[in-house]
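What Swiss-Prot annotates here:
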type     : residues                             : note
BINDING  : 55, 84, 113, 176, 216, 220, 252, 254 : NADP(+) binding site
BINDING  : 58, 60, 62, 83, 87, 113              : NADPH binding site
MOTIF    : 58-62                                : motif 'GXSXG'
ACT_SITE : 216                                  : active site, proton acceptor
ACT_SITE : 220                                  : active site, lowers pKa of active site Tyr
TRANSMEM : 318-338                              : transmembrane segment
């Protein structure tokens with residue numbers, strides 16, 4: 001079975017649970033997880049990449065760079081998109097060195113700012129020209145940023161607009177541009193054609209909000225709403241098969257994480273201190289495994305899997321039976337988690353004084 005939960009020890013995954021999650025309930029969830037391994041997931045690779053062309057935004061560092069390298073190892077042709085040409089050139093060297101078939105695979109980069117209006121049309125035009133007149137087979141929107149601040153802090157609204165431009169509109173513009181290519185009548189392949197894949201990158205904060213991420217969290221909720229909408233909308237074009245996916249990473253040890261810590265309120269650090277931080281390579285590997293398993297909701301940790309099931313609403317399910325069972329249980333867990341977090345917040349405020357008096361990070 002091509003999914004990390006089944007290839008890695010379940011106990012290792014359980015170790016990543018926050019101490020706020022009770023062990024008895026985690027044991028019940030583990031039992032459900034074991035049930036899930038009993039033939040409920042297909043072993044088919046639903047997103048083969050060998051010989052296909054993948055375009056990734058945010059590919060010069062962090063998770064995007066790691067994903068590009070691992071896709072190269074699987075035989076993909078890769079187009080890297082990011083702003084910084086120097087980092088793109090460095091990443092391109094690593095991606096090319098990882099090639100499964102060096103004599104046939106092709107690689108390039110395109111410098112672009114995803115926050116700029118209508119950037120995607122020019123990027124795709126360049127990508128299509130480089131790819132012999134063919135659009136990329138897979139587009140993965142990874143580019144993102146986070147500026148944690150209290151909502152009452154100076155600069156929070158400017159940060160919110162900037163986060164929305166990068167995280168939401170950067171992905172929204174790319175998704176619209178590529179879907180106009182893939183779904184055009186002249187590109188119809190019939191319902192049995194090899195599907196294209198559009199991959200969004202959200203965050204576990206789109207499943208469970210935490211104090212201090214006001215400028216950031218709404219951008220990922222918006223992205224989830226767009227992904228849910230497009231997952232339904234592509235069915236309106238049955239002769240142009242497209243699969244939509246959305247990945248939910250947690251904390252990734254990356255340059256972006258270092259930048260977000262420069263403004264992160266101390267109380268936010270306290271609330272998320274038990275959340276494990278993963279390497280970009282680990283997160284990319286698990287995300288790719290989820291995509292290959294055909295998942296719409298792509299989790300990259302056991303905790304993320306639990307959180308998804310507790311807040312799926314009308315989103316497409318990976319597995320109706322398992323997700324429904326876990327969806328009954330997770331709200332009970334949330335009752336205790338939220339009570340613990342809110343208790344910490346109140347205690348912190350009483351000990352530290354009024355938040356307006358706290359020293360601000362520069």
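Yeah, the Cβs are placed from backbone N, Cα and C, and that goes for glycine too.
Here the features listed in Swiss-Prot are placed on the structure.
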residue: 55; record: NADP(+) binding site; Cβ neighbours (10 Å): 27
residue: 60; record: NADPH binding site; Cβ neighbours (10 Å): 26
residue: 62; record: NADPH binding site; Cβ neighbours (10 Å): 23
residue: 83; record: NADPH binding site; Cβ neighbours (10 Å): 15
residue: 84; record: NADP(+) binding site; Cβ neighbours (10 Å): 12
residue: 87; record: NADPH binding site; Cβ neighbours (10 Å): 17
residue: 176; record: NADP(+) binding site; Cβ neighbours (10 Å): 13
residue: 216; record: NADP(+) binding site; Cβ neighbours (10 Å): 25
residue: 252; record: NADP(+) binding site; Cβ neighbours (10 Å): 21
residue: 254; record: NADP(+) binding site; Cβ neighbours (10 Å): 20
Quiz item: Among all the protein chains here, how many other CB atoms are within 10 A of the CB of residue 58 (NADPH binding site)?
Solution: 27
Quiz prompt | From binding-site residues 58, 60, 62, 83, 87, the one whose Cα lies nearest residue 252 (NADP(+) binding site) | solution = 62
Quiz prompt | Set of same-chain residues at least 6 away whose C-beta sits under 8 angstroms from residue 220 (NADP(+) binding site) | solution = 167, 202, 203, 205, 206
Quiz item: DSSP on residue 55 (NADP(+) binding site), three-state: which is it?
Solution: strand
Quiz prompt | Residue pair residue 62 (NADPH binding site), residue 84 (NADP(+) binding site) - Cα distance, angstrom, rounded | solution = 13
Self-check item: Integer Cα-Cα distance in angstrom, residue 84 (NADP(+) binding site) to residue 60 (NADPH binding site)
Solution: 7
Quiz item: How many whole Å apart are the CA atoms of residue 176 (NADP(+) binding site) and residue 87 (NADPH binding site)?
Solution: 27
Quiz prompt | For residue 216 (NADP(+) binding site), the one of 58, 83, 87 that lies nearest, given that the binding-site residues are compared by Cα | solution = 58
Practice problem: Give the maximum pairwise CA distance in Å, whole number, for the residues 55, 84, 113, 176, 216, 220, 252, 254 listed as binding NADP(+). | Solution: 28
Practice problem: Using residue 83 (NADPH binding site) as the reference point, find which of the binding-site residues 55, 113, 254 has the shortest Cα-to-Cα distance to it. | Solution: 113
Quiz item: Between residue 113 (NADP(+) binding site) and residue 58 (NADPH binding site), what C-alpha distance do you get in Å?
Solution: 10
Practice problem: Would you mind checking how many other C-beta atoms are within 10 angstroms of the C-beta on residue 113 (NADP(+) binding site)? | Solution: 13
